[in-house]
Amino acid sequence: DTNKCICFVCVCVCVCFGGAVGLCFYLGTTFAAAMYILGAIEIFLKYLIPQAAIFHPADIHAGSGAMLNNMRVYGTICLTLMAVVVFVGVKYVNKFASLFLACVIISIVSIYAGAIKSIFHPPEFPICMLGNRTLVRDLFDVCGKTVVVGNDTVPSQLWKNFCSSENSSSAHCDEYFLQNNVTEIQSIPGLASGIIKENMWGDYMDKGQILEKASLSSVDVHGSMETFGFYVSADIATSFTLLVGIFFPSATGIMAGSNRSGDLRDAQKSIPIGTILAITTTSLVYFSSVVLFGACIEGVVLRDKFGDAVSKNLVVGTLSWPSPWVIVIGSFFSTVGAGLQSLTGAPRLLQAIAKDNIIPFLRVFGHGKANGEPTWALLLTGLIAELGILIASLDMVAPILSMFFLMCYLFVNLACAVQTLLRTPNWRPRFRYYHWALSFLGMSMCLALMFISSWYYAIVAMGIAGMIYKYIEYQGAEKEWGDGIRGLSLSAARYALLRLEAGPPHTKNWRPQLLVLLKLDEDLHVKYPRMLTFASQLKAGKGLTIVGSVIQGNFLECYGETQASEQAIKNMMEIERVKGFCQVVVASKVREGIAQLIQSCGLGGMKHNTVVMGWPYGWRQSEDPRAWKSFINTVRCTTAAHLALMVPKNVSFYPSNHERFSDGYIDVWWIVHDGGMLMLLPFLLKQHKVWRKCKMRIFTVAQMDDNSIQMKKDLATFLYQLRLEAEVEVVEMHDSDISAYTYERTLMMEQRSQMLKQMRLSSAERDREVQQYSLVKCLFCTYTVADQQMGSLYSDEEEETIEVLPEKTQMTWTNEKIEAERRNRSNAPENFRELISIKPDQSNVRRMHTAVKLNEVIVNKSHDARLVLLNMPGPPRNPEGDENYMEFLEVLTEGLERVLLVRGGGREVITIYS
């Protein structure tokens, strides 16, 4: 690849930047070809063969339009011929390169020779001035108002141009012509004339302004507009910014060595040396030329763009020695050669970018002829260059390519500086005399020059580069060069994490940072995708979201399964538009894995503060207690870690991201103050388009001795201070007798608990005996299939150790042991009678009564709500009541379609000052 040297440094920072900068460099080189061709055609039509013009101006006032049309026609022909030469073979271009270089060297030498000669014998190129105004020299023969023919004084051609008749009557002449004298001065006074004092300062002009010499006296009167075409005037408005944009392309050839890096034997050594020598040589030539021109040539001639004051001669050519034709011919061949070089280099640059496959739609331009010549890339380059040819004006094309080259140089400097500051291991430049501050200075200068030369072109160029960058980023291109932006991101992330470590976030900055615990099925697919849907609706892409899952087993054996699980979760996160991270852990017990996730997820100050987990569905029907025991254990872990907890129940009925609620309510049942999280969650949900049109209602419960009216007023005031819009309702709960239904529910709960405890006890005893003597396996075939099946995410696959056995256990199987087992089986009816005779505990009855009555009120008020948020009561301190706790939660949420149980983390999460 011959054209990737400039883009390679940028690609080391980021593939997207490298592709964008590479295309900018390609477009700049392509427009440079158009500019060089237009320059060659301008020299051809203005100074070599003016008679070749196809279009001619109707009068002297309309010359620019015809000239632009001529340049379009001849420019298209020249572009076609050059493209054919490049298509035939680059070897022919290389053969002419020496000739073109010789023309450039001879032209430069002739300028210096002419400047030295002007000290002793300045060239004769007089210019004619009317007053202090410069006249177009080829519109008259004699610089005077009258001429002597024989013995008679007759009006000159100049007189005829400014007067309507040939007689000497002054009544029909231009007023300015009559009031001012005609003088003739030398266009090149010479190096020893001291003219540099007048040319030292700038003199920017407006379009159509006549070139005037300030040191000449004149009578300031208005002339006729009909005579405007006889004066030399500015064809465009000039300014420092415009001239910078026009002049800058002359410096882009310095990087020619980088363009042809593939042809160098040792590019790493040759490019730095060659580029520095090119910069030094070019700078010396340009600076010395500017000084010589200002010291030798008259100011009005320097501002004469097409040499109208010196009989259509090239202004620089008038200074050269031995003849102006040296500069004219040299300039023509050098511009043709530069155009050929650009048409040769640009297709190869495009071909290299296409072969890298970082921009998919350019892939076709990576193909070419059998010898590797970029045929399709040459065709596209020719079409883009034709756009520049159709613009036709050099002054408009030059700023365009300046933008693209400046954009390229800007990112090259930025890439070098970033790589140096990050101290990337793969950044090992051979050039020793370098400092990152120089790169930042160069980057700043490039950015400043872009806006100085043309701010609107700069915005367009940056927009094009930005669109290319986003397109490559969207396509997800990855190459073997690596990505330096990743190193920059890591440094920024490290700095931000260290800042977050300073202390906990303020209440006004609090938002739920989620740890979502997911369950996977046997095929490692997410079993409840709506958990991720709910997380995406709650977060809306803001804050931290970590999706975790646990695989039971040994890490050394389950590594592949872990990778597959992570990929499945990431795919589902992308589908549900969840922006966050995924973490899958392997543990011997699922319960231990969940505890690990709760403790270790996140980094530094970027940690979760809220856990989202699913409800253990079907826990009543299963004889296995592991599901709900792991659920309660997770609740206890979040409480111990001071984390908030959210449990979406009936999550399958939650809306997808594509649904829209056009009306409805989000009901908040504020039973216990939990730091305001119940009020914050509906507000966050309403930011998402699914819940946006839902209204918020807040219910609170009052006892008989509470002042309901005052409670409602206080709560409304509190919501107003929080700037939350919600309807407030206070629900009064009357004391009532415990109903038979409540008593029956409590009794059923305790009977079931006692029965399962006995079943688990006998099952544990049998297990221990089976481990010692396999010959009695047939005696205990009453195991249920559920004991061997895969449990939920929140259940352990190991059997719980229930410590209700005697301290001493006889492990020897004897006849007495068998008889005792038979007696236990014969006593089964008596155990059943004991279950029937159980009387429920009064504290359980009271709790069940509260749950039943509160559920009745919630169902009555919120049966049509889109979502119901409830305070989640904490688990009992005594683990023996865990099963009753699950039953209370079931009773509390019975009959509700979508329920979100919320438990605060022990701190305020909303404030009136947020």
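Placement of Cβ uses the backbone N, Cα and C atoms for every residue, glycine included.
If you look up TrEMBL, you'll see 237-515 marked as domain 'Amino acid permease/ SLC12A'. TrEMBL lists 529-647, 661-769, 802-914 with the feature domain 'SLC12A transporter C-terminal'. Here TrEMBL flags 6-27, 34-53, 73-92, 99-120, 228-255, 276-302, 322-340, 376-394, 400-421, 433-450 as transmembrane segment.
Averaged over the domain 'SLC12A transporter C-terminal' (802-914), the predicted model reaches a pLDDT of 68. Contacts between the transmembrane segment (228-255) and the transmembrane segment (400-421): present, as 3 or more C-beta pairs lie under 8 angstroms, all at sequence separation of six or more. Touching of the transmembrane segment (99-120) and the transmembrane segment (400-421) is ruled out by the presence of fewer than three CB pairs under 8 A, sequence neighbours closer than 6 excluded. Proximity of distant same-chain residues to the transmembrane segment (322-340), defined by a Cβ-Cβ separation under 8 Å and at least 6 residues beyond the stretch ends, is recorded for 32-33, 36-37, 39-40, 43-44, 47-48, 78, 82, 85-86, 93, 96-97, 99-101, 103-104, 106-107, 110-111, 113, 253, 313-314, 316. Within the chain, the transmembrane segment (276-302) has long-range Cβ neighbours (under 8 A, six or more residues past its boundaries) at 108, 111-112, 114-115, 118, 122, 127, 134, 185-191, 193, 195-196, 198-200, 203, 211-213, 232, 250-251, 253-254, 256-257, 309-310, 315-316, 318-319. As a summary of secondary structure, the domain 'SLC12A transporter C-terminal' (529-647) carries 57 helix, 24 strand, 38 coil according to DSSP.
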